[in-house]
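As recorded in TrEMBL:
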DOMAIN    42-293  domain 'G-protein coupled receptors family 1 profile'
TRANSMEM  24-50  transmembrane segment
TRANSMEM  62-88  transmembrane segment
TRANSMEM  100-121  transmembrane segment
TRANSMEM  142-164  transmembrane segment
TRANSMEM  198-222  transmembrane segment
TRANSMEM  243-264  transmembrane segment
TRANSMEM  276-295  transmembrane segment
Amino acid sequence: WEFNGSFYQPSAFLMMGIPGLEALHHWISIPFCALYLIALLGNCMILFIIKKTQSLHEPMYYFLSMLAVTDLGLVLCTLPTTLGIFWFNMQRIGFDACLTQMYFIHILSFIESSVLLAMAFDRFIAISHPLRHPSILTKTTVIKIGLAIILRGMVSLLPIPFLLKRLTYCGKTELSHSFCFHPDIMNLACADTKVNDFYGMIILLSTVGMDFIFIVLSYILIIKTVISLATKEECLKALNTCVSHICAVLVFFIPMIGLSMIHRFGKNVPPLVNTLVAYTYLIIPPALNPIIYSIKSSHIREALLRALRRKSE
């Protein structure tokens, strides 16, 4: 512990694995390793295929590349500490290292939310204004959107580590997860956390909350456009281009909203439920997104098959 007058700050926190199943951590690590491997290989494959296939150099796949890079970042943020606990029981993490991990996890989560919104906007333009789509979403515009997304995440979350550093900590130093999460660290403080709580809630609602609302509005407009199409075949063809994106939105937002609600209001929720929702939020989307897009996107599937044929020759 560091002491400075009445100010106390722990030198480190202790991260937890899966409560009640500590003896089985080595076995539990097997499915986790499989998910991490799928996420790493799958997202790298998506990036490789999009880069090498000229026909995929269009807005939809540029945004998919951003999603893949974000998922890779999330995996690399949580993999060392999660597998460190499961394999070597390395629970200790330095205070500053914990704040750094927390900052990047939250930034990448916010970026993923914004990328999903950008993808919803792309689908709306492609379906509602197909002839104007190339002129509206040019390569320069996509780059500007990507930079704006990164900047928004970095700037909006920049005060969070400093707000946590000003708090006095006492008593417990055990975190609820095998990674650092803002509400989790905040709950260990014995000082007034109203500023942290208020700022965290405002940022969450004004970024991820607004992203989700605009995604829903985009799909309401898409459905209105699709209904006005002449034939049933055209309607189904238009909606089919959105299926993979809808799946990615649900896979990301449902566990994220669940985890936020548990940390803020679920004081009596069993620790095991809290832990499982957290792992679902950070590990499942990066592993599932490449699978979803590989199955549903015929262009990516065909490009992958062509790449495999070339290697076999």
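The backbone N, Cα and C atoms fix where each Cβ goes, glycine too.
Under the criterion of 3 or more C-beta pairs below 8 Å, with sequence separation of 6 or more, the transmembrane segment (198-222) and the transmembrane segment (62-88) do not qualify as touching, having fewer than 3 such pairs. Distant neighbours of the transmembrane segment (100-121): 60, 63-64, 66-67, 70-71, 73-74, 77-78, 81, 93, 145, 149-150, 152-154, 156-157, 160-161, 164, 179-182, 185, 207-208, 211-212, 214-215, 218-219, 245, 248-249, 252-253, 256, 282, 285; these residues of the same chain sit at least 6 beyond its ends, with a Cβ under 8 Å from one of its Cβ atoms. Contact check: the transmembrane segment (24-50) against the transmembrane segment (276-295) gives at least three Cβ pairs closer than 8 Å, residues 6 or more apart, which meets the contact criterion.
Remote same-chain partners of the transmembrane segment (142-164), defined as residues 6 or more beyond its termini with a Cβ less than 8 Å from a stretch Cβ, comprise 59, 62-63, 66, 99-100, 102-103, 106-108, 110-111, 114-115, 118, 182, 185-186, 189, 195-196, 199-200, 203, 206-207. Sequence-distant contacts of the transmembrane segment (243-264) (same chain, at least 6 residues past either end, Cβ-Cβ under 8 Å): 67, 109, 112-113, 116, 119-120, 123, 181, 183-184, 187, 201, 204, 208, 212, 215, 219, 273-274, 277-278, 280-281, 284-285, 288-289, 292-293, 295-297.
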